[in-house]
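The transmembrane segment annotation in Swiss-Prot covers 1-21, 42-62, 67-87, 95-115, 123-143, 154-174, 178-198, 204-224, 229-249, 279-299.
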């Protein structure tokens, strides 16, 4: 099934790229971004639609948890709407920031109402009872995961490789705990096929259709499996990218000074002269090492 999903995506992506080029479904580059990205304007976007839809298909075949599939669907709708508006308006805006945040919060709220999770958290082996505060915590985890992957999607291949380098070790970790969340692998191989066409120079971008969905799935899975804190160890790069934005905005508002040349962090490295390939390679290796160290610490390997 995993191999079939990979091959199906590998076969369909060239067709999708041709279709999107013909329909002029292309990326509009935001003006605030690095000048280096100007040549990417017009590259087909919304490529995440394929690995998400095949993820649904194989997820249903593998009898994936219904709540995970529902979460995937809700965040897919948000990402798709954002990309659709951007393409329709012929600019990079799509949904406004507050609109996207409201929709993500609503999606997470719906998920929590349906999941009705226990209100305790596993803090690396210690159980902490949070009571009603847990729902706010879980809301932040799901919305934060979705946004973190979205922020990471700024260079050719970056978000895809980060997802693969974290989701596969995370799957092994959950398997060791007796939890089967095969949707992580199903999406992972779909993303691998996508990366054949997304690595620099990218022939297609995943868009928010892909990145928001991937992050939403990760957050939902972590809440369902009570591994919210562990998730951070497998996705250190998205966490760092998010922190870089928070620090940059906070520093500028309070001290009128910027910490980085530009945020998220990958743009800072671009502006100090690193190539996209180098940034993607270094970030991916860092995330993979963090994931493998986590597996070693918790006795999954070694």
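Using the three backbone atoms N, Cα and C, a Cβ is placed for every residue, glycine included.
Within its own chain, the transmembrane segment (279-299) has Cβ neighbours under 8 Å at 155-158, 161-162, 165-166, 169-170, 172-173, 176, 199-200, 230, 233-237, 266, 269-270, counting only residues six or more beyond its boundaries. Listed by sequence, the residues of this chain that lie at least six past the ends of the transmembrane segment (154-174) yet keep a Cβ under 8 A from its Cβ atoms are 33, 180-182, 184-185, 187-188, 191-192, 194-195, 198-202, 206, 210-211, 214, 218, 221, 225, 227, 230-231, 234-235, 237-238, 264, 266-267, 270, 276, 279-280, 283-284, 287-288, 291-292, 294-295, 298, 300-301.
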